[in-house]
Amino acid sequence: MAESPSAKRKREAKDGENGNAESQGEGSGAGTFPLADISVRKVLRESARDKTIFLHGQVNSASGDGTDAVVILEKTPFQEENIAELLKKHTKLQLQMSNDIYSTYHLYLPPELNEIKTTVVYPATEKHLQKYLRQELCLIQETGEDYKKITLPFIESQSFSIQWVYNILEKKAEADRIIYENPDPAHGFVLIPDLKWNQKQVDDLYLIAICHCRGIKSLRDLTAEHLPLLRNISREGKEAIVKRFGIGGAQLRVYLHYQPSYFHLHVHFTALGYDAPGCTVERAHLLSDVIDHLERDSQYYQKCTLTFALRADEPLLKKFQEAGRV
């Protein structure tokens, strides 16, 4: 159950969801986290491709007293409106290599053009540290029976808090971030930007549709009775995005995760050209395909085999191993 730096950092840290909490300074108050008092204990993981590094640190200030924290440093995307300033103002070039028509430089920017998105999980538990630690992955092929006998009992045995989801749906939190809402309790949803998207450029557009109906945990719960909800999300979500951001449905990737990172039905909308985290074949299921499968067979997702990856340290993997399914 995935995620690289991502959408649920702020929310999960507050609720401790599945030990996967991700926060932007929840523990100490956003904007007041004592970054200068962090001592780095370990690099948990780094990605040269995503320009991101995950650190295990300890806060050594009087208020922190050696408390663990996870600090995620992520290079932000270029913004078109800043390019002219980036090239012309206060820019320093240092030649690294020159060969015929090709040359390579280090370009040094002023601080205001060299932003690093910094996400903080504080205080961090051992589960948080394990979440971000690089782990081997194992591919699981879960049959319908596996879900009933292994996965569902495991989910029901855990205390996965999704209060942050209800806070959004009830307008108790993040109400100002809602892009669109269909308020119907059975077939409605809210559309909200994912926290991975800074909303400053549409090339990496990323929004989440969260359904109002409670009790639909994942793809596995969907039947033909949910088709009106899914069709609404597909049609109205695309209409809202083209109206607000000018991106048509043919330029959107609309999909569900299995397994999801939290067990309340939600649908991802990303720009088609954006290589979004979690859009790989072993996790993402296109909403159009889901609708098609349910139109053909109401019980499709109760019977089919679904493939997903689990980290080596995840308790669910141990359950599959104990059952002889790995």
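Here, residue 1 is simply the first one shown, and the rest follow in order.
Glycine is treated like the rest: Cβ placed from N, Cα and C.
TrEMBL labels come from automatic prediction, so no person has curated them.
Taken from TrEMBL, the feature region 'Disordered' applies to 1-33.
According to TrEMBL, the substrate binding site annotation covers W164, E174, D194, K196, 257-268.
For H266 (active site, nucleophile), the same-chain residues lying six or more positions away in sequence with a CB closer than 8 A to its CB are V165, I208, A209, I210, C211, L256, P260. The active site, nucleophile annotation in TrEMBL covers H266.
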Filtered by Cβ under 8 Å and at least 6 apart in sequence, the residues in the chain of F263 (substrate binding site) near it are I155, F160, I162, K217, S218
